[in-house]
Amino acid sequence: MVKQDPRDKSSYSPNLSIPINNQEEPTLNNNNNNNNNNNNNNNNNNNNNNNNNNNNNNNKNNNNNNIKHKDEENDFEDSIYQIAKEHEGEEDDEYFPIPLDELMPNHENDELTKKIKQTRPEDKTGLYVYCRNATYTVKHRENKKVKIKLLDDVSFFLRPKQMTLILGTPGCGKSTIFQMLAGQLKDKHFEGELLFNGHPINHKNHHRDISYVTQDDIHVPTLTVKETFRFALDCLGKKELTREEKQVSVDNCMKLLGLKHAENTLVGDNFIRGISGGQKKRVTIGVGVIKGSNLLLMDEPTSGLDSSTSFEILSDVKKFVTYGYSPALITLLQPSVQLTSLFDNLMIMSKGKICYFGPMNRALGYFKKLGFACPSHNNPAEFFQEVVDAPERYSFIHPPKCKTSDDFVKAYRESDIYLELMEKMDANKDGIVDDNKPKVLVDSTAKELGMYPHGIGYQTKICLKRGFIMISRNYYNFATRVFKGIFFGLLLGTLYWRIGHNQSGGMERFGLLFFIMTTIIFSSFAAVNSFFGERKVFYSQKALHYYKTGAYFISSIICDIPAGLIEVAFFGPIVYWLANLRPVFIRFVYFMILLFITDNLSLSFAKMCAAISPTIEIANVTASVILSIWLLFSGFTAPKNDIGGWWIWLYYISPYTWIFQGLSINEFTYQAYGCKDSELIPPRTPQNLLPYPEGFGGNQVCQYTSGEQIMDAFGINNPDYFKWIVYAILGAYIVFFYSVCFFALKYLNFEDKKSKLAVKKLKKKKKVIVCKEDEEPNCKVTTEALERVSDDNDDNADISNYDDDTVIDMKSPLTSPNYNNNNNLSGSGNNIKRRKVKTPSTLSPMVNSPLTNLSPMVNTPSKNGNHSKQKPISTSQKDISSETGSYLQFKKLCYAVDVKADDPDNPKKKKSQRLQLLTDIDGYVKPGQMLALMGPSGAGKSTLLDVLAQRKTGGHITGEILINGKPPSEFTNRIRAYVEQMDVLPPTQTVREAIAFSARCRLPPEVTKEEREIFVDKIVEVLSLSSIKDLKIGVLGNGLSVSQRKRVNIGVELASNPEILFLDEPTSGLDSGDAFKVIDVVNKIAKVMNRTVICTVHQPSAAIFEFFDQLLLLKKGGETIYFGPLGNQSSVILDYCDKLGMHIKPHINPADFVMTLADEGKMVEGPNGEQEHLDAKKAYFESNICKKEYEIMEGQLIPDDFVVKTYDSRFASSWMTQFRALCMRSWLSRLRRPAIFVSNCLRSILLAVLLGTLFVRMDYEQKDARSRVSLLFFSFLFAGMVAIGNIPTTVLERGVFYREVTAGFYHSTAYMISYVLTSYPFILSTGILYIIPTFWIAGLDSGRHSSKFWYCLFIFIITYIMYDAFALCLAVCLPNEVMASTICGIGLSLATLFGGFVIARPNYPSAYYWCHYLDWLRYPLEASCTNEFTGLTFVCTNNKGAVPIPIIENGVQIAIKYYCPITNGDDFMLTYGFHKFMRYIDIAAIFGYIFIFVGLSFWGFKKVRWLNR
């Protein structure tokens, strides 16, 4: 049997009818209506003549109804008030709200209540909130001329000992209400009256009177639960609290929230294992309420919690409110009737206006007076949420009297409830709306309270305490820095082992000092990533006034000291003494202090970049560019003497200049240098041995005989005492960086400014209009996008076949063109029934085209004014969606995982044992059915779904899974689709492109392009995505809303035309309206397309629960306690529960009621009325339902005529088809990230101009020889920095790849090749934009016919490709971008060290030759340098750069002759160990590295999965 859409009101049992006009009497007789319906059904079975007569009668009725409806619309202004008057005496619902004594028996005398009464201050009265005519206006983010009213004439009051619930769809103004009451709104945009205990808000200390529980779970991951609570109490608690009192408060709060057993467990995050999501939500609530307050604000505190836990928490909040004298304002997403009954008042909002504010017990009666009734088994909270947005679902007046939210606002303001509210507020203009006003009230405006309960000294102390706890837990960071210190210390110490005080030793010391400096700098540079994680927590706690910015900032600086100190303590001494730096104690101490200051300077700079940048990507780019420029101008790569006057200011403002000078002065001053025989100038060649003046007569000199001379060659000519001034200079830099960081933290908050509404168009900006879409307010949509939506497009397509006996109407009958007002006039909405429909096999061929029937019909008006149904558009093509679903069976299914547990024999050791998560699960699903998997948290719902979908990557599975009677094979992915809970979608694709890509890859080649496009368009229509089909998906928070992303995710999987559809928590994070939309779509897929659907659901509403045919209910431990049908209005399972002694009451959600079967220690009513324990598992296996289900499973489940499809390949499409689709998507993805591409291009141009002008028009003097090598060396370093910037994007897209390749979209090789090939044009452009300007501005040698230029360009391009392949390899093979970026940085550092520039190859110790030859930077550097220097001749014009050689004969100096050291480019290259004949071997080596890195990337894409299930 196929279920009817729960919105169908045609079968509601009416208990009240509102007259259409004054002459018509209310119809109260249900039997008459039923007789009329039976007569109509009999008439439908008569011959054609009778049918024609009935049609004529229906036409007349419809015409009459149209006239009546028109009259009603004209009289709308008076109808609402009239209806309210007619039903003024109607009684409120006797079953809602549930009495408090029934919800919380003996709540007045339980232990918690007693503690609350004992600890409550005697003078506590709570806060009375008085809000009248409040309006808050802001400017639109995109169009500043447009003003948006987030709150519009809002009036309400709150008083102690009462809880008020706010309901409304996202964007209705709930969060703005909270921000207003929390004092977080700007007064200049606020109009109206807002009083707290009769006084205006005092922004200085208002927060001390309130507890604000936010919906985001933002905590320090390395603190335990207990430490998190204690820190919150230390910051927010009263100064008078003693240590013992704080401990008691923390223990009580943890016990209340059920966290005592986890008090010593880390909170955790994505990288640190900690408490569960539900427990984290409890921690959020706990830290918000632990300080105690006079007003409690809670924004969606139960998100992610199961119903029993939510009720447990809010029932305790109710006790705090009632007996702690604090009012509470709370918003919930999908509250149960039990939760709703805890509240005293209800506020319903829409578009910033109040649609209802009044007592909870009068709400149902109020809406019934307006013509809207809540069905008997519907949760009233869902009714309250949905009635404003979908009034036709609940109206028993047709058409509804209130059709829009403005109608409801108007009706509310004309109601008695609103008039009573205004009378109370007028009578209590002092702001205290209460019959019994307290004599003394809290007045925070009069008290001279500070902003914080504690001074900055105490705040710094507790922040320091927390910081050192975090340091002690973050042993990974310490271990990493210690390892790096020891590793690089030993590496540099042995590489520069015992450097001599000779000419080569002097130059090598400069290289060593430079590399020591960069090692410390890059170690601290990682603070950019770590500080971003801390910044989010800081923003949250700063908004809640935990501490002053200064307290946090000072503690942060102090806590950073140990890590840097430890690394310097290991690194410094090792490299200093092994490398034979100056063996003087005071110089060693200076060296160590300078390294420590360098660490702090780099740390302060990294933190500053993180504090002033909105995103981590911008911070990394900003920091890397500035860092590169400062290192370039630090005096080593480009000595001061070589820097032109136009860039010399960069030399002086670079802090690394002064670090390098300090290290150099400390090492070189007052130190004599000599020469080895081979270092004397000129060398002893036959030419130089000739007598003067032809030669030098055998005379030789040592070029540098003191450290000062060597420093002067690098432009460092400051005296020894200047090194102490360096400390002061660097201290000033540190103060400046930290000051900027401090003020950025104090005055900037990028989390608030992040646009969550930025759904951007791909095409260039058109005219922007302001709209309030279904999920997100104030979104940006172009008029072009709106025009593309056809006028007859609707969220709920009208689905009908052409058989007179069978009509499936996916719309509400109230809005359907076929709606007959006579038959439905008196439907009150009390019952939800399922309509019988013929099976697909019996339908006409046209009906056997499911998606065709979901498309809009062409309605042609007939002569009598009705619309006759025509064939759907575009039916000439074959329907590729006409297949049916598959039969899924599972028998004795078990799943277990291996875990580490304490060994009872040895408590110090862990023992491996097997944890059983699923035990002997049996069940089946047929085509056209929807199976719901339900159970409490930890029952194994998602685990079972993963096992059935074969998505588990580990664990032990036993039992049997059969699809169409056969075990799953490697081809099963062809017929199934899995909609994951986390909607991992390609952010740069549009909605339609994402669905079309899935169809192109997953549909067989027999499907033509035209058929595929039609299929995709139909899916877009079915999922109500037509209005946003050309918008980019984006990422969560900056793109489509959660509901839209969920529907797109379903569309992507539906595009494969699956026979079985698995969905994991498709309603998580959605409000009831959005959840209904999503499940409504899933229902269409199952019923109309005849697919097999298995879905896990969490707290479904009654309307959603009605969509499902079968239920598999699990209890904790993964055992079945019910598997069987639900029945009409859940009648089968409710009858089953009734036989067990469980009786449902009106307005109780059947889904919540059924879930109580899984409660541990469940007590039910026995045969004689006594209470007895229920063994749900035993009861089910002894029931008749179980026997019937097992008879079906063991019998012939699959019909004899059922045709099973067979496949001979894993993929539906060919490799080439997948490759083309992937190339197109990857290419568009890169084009649609212009920020990345443009930033890379701008960085290339900037550095090209910078380096080109730094080494502008190099000549052939002595200094130009070294400058040419420096330019080429730094250019290759820049290529490596560009590669690091590609890692985050690759890691982001890796998640999409994991999902798609697991689902069988494509071969991993097709993805890899397309990804690599589409990156080459962008690499090419980045390389060209750098090398061409640099080459010609700097004046590198172009050679004959520019041959050197083209060779150099070729080397740079393939080097860029090599670095990109290296970064890709790390991004694919390592678990996250932090580790990949770190390893990439280390790799680039080692490449720099062994590349042949810092140390020339002849100077390497023989033990390190292999490192030089393995270094991938060596080969492009050698190729480009030999290309540049071949055939070049260098001179010493006017003896510039020449070495004066005294000519001595017979002991007397007779002349001075100058020797030019570098004259031949080839000879100069030999000093670096570079050979001309290696040029083409170098090319082969570069391609070899490309092959290795790409090959490792292939292996990573194929084998590595950093996503375990």
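Cβ from N, Cα, C; glycine included.
Feature annotation from Swiss-Prot assigns region 'Disordered' to 1-70 (among others).
If you look up Swiss-Prot, you'll see 1-10 marked as compositional bias 'Basic and acidic residues'.
What Swiss-Prot lists as compositional bias 'Polar residues' is 11-28 (among others).
Note on the domain 'ABC transporter 1' (129-376): its mean pLDDT in the predicted model is 87. As annotated by Swiss-Prot, domain 'ABC transporter 1' applies to 129-376.
Around Gly173 (ATP 1 binding site), the C-beta neighbours below 8 angstroms that are at least 6 residues distant in the chain are Leu150, Leu151, Val154, Met349, Lys351, Gly352, Lys353. In the three-state DSSP reading, Gly173 (ATP 1 binding site) counts as coil. Residues or ranges marked as ATP 1 binding site in Swiss-Prot: Gly168, Thr169, Pro170, Gly171, Cys172, Gly173, Lys174, Ser175.
The annotation domain 'ABC transmembrane type-2 1' is assigned in Swiss-Prot to 472-748.
Residues or ranges marked as transmembrane segment in Swiss-Prot: 512-532 (among others).
Within its own chain, the transmembrane segment (557-577) is flanked in space by residues 464, 467-468, 470-471, 477-478, 481-482, 484-486, 488-490, 492-493, 496, 512, 516, 519-520, 523-524, 527, 583, 588, 591-592, 595-596, 599-600, 603, 738, which lie at least six positions past its ends and keep a Cβ under 8 Å from the stretch. Per Swiss-Prot, transmembrane segment is recorded for 557-577 (among others).
What Swiss-Prot lists as transmembrane segment is 583-603 (among others), and the listing cites sequence analysis.
Sequence annotations record features per position, and here Swiss-Prot assigns transmembrane segment to 616-636 (among others).
Residues or ranges marked as transmembrane segment in Swiss-Prot (evidence: sequence analysis): 643-663 (among others).
The transmembrane segment annotation in Swiss-Prot covers 725-745 (among others) and rests on sequence analysis. Away from its own ends, the transmembrane segment (725-745) comes close to residues 535, 538, 542, 549-550, 552-553, 557, 593-594, 597-598, 600-601, 604-605, 607-608, 611-612, 655, 658-659, 661-662, 665 of its chain (Cβ-Cβ under 8 Å, at least six residues beyond either end).
Here Swiss-Prot flags 813-881 (among others) as region 'Disordered'.
Residues or ranges marked as compositional bias 'Polar residues' by Swiss-Prot: 839-881 (among others).
What Swiss-Prot records for 888-1141 is domain 'ABC transporter 2'.
Annotation comment: Swiss-Prot describes 1231-1504 as domain 'ABC transmembrane type-2 2'.
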Fill in: Candidate ranges 1236-1256, 1320-1340, 1379-1399 - greatest C-beta contact count to the transmembrane segment (616-636) (under 8 angstroms)
1236-1256
Discussion item. Out of 1236-1256, 1320-1340, 1352-1372, 1481-1501, what stretch is closest in contact terms to the transmembrane segment (1271-1291), meaning most Cβ pairs under 8 angstroms?
Written reply: 1352-1372
Discussion item. Cβ pairs under 8 Å only, please: of the recorded stretches 1236-1256, 1320-1340, 1379-1399, 1481-1501, which one is richest in them relative to the transmembrane segment (1352-1372)?
Written reply: 1481-1501
Discussion item. What residues elsewhere in the chain lie close to the transmembrane segment (1379-1399), defined as a C-beta under 8 angstroms and at least 6 residues from its ends?
Written reply: 484, 491-492, 495-496, 508, 511, 514-515, 518-519, 522, 525-526, 529, 1269-1270, 1273, 1276-1277, 1280-1281, 1283-1284, 1287-1288, 1291, 1366-1367, 1370-1371, 1408, 1411-1412, 1414-1418, 1421-1422, 1472-1474
Fill in: Helix, strand or coil at Gly168 (ATP 1 binding site) [DSSP, three-state]
coil
Worksheet item: Far apart in sequence but close in space: which same-chain residues, 6 or more away, have a Cβ under 8 Å from Ser175 (ATP 1 binding site)?
Response: Asp299
Worksheet item: Between the binding-site residues Gly168, Gly171, where is the Cβ count within 10 Å the lowest?
Response: Gly171
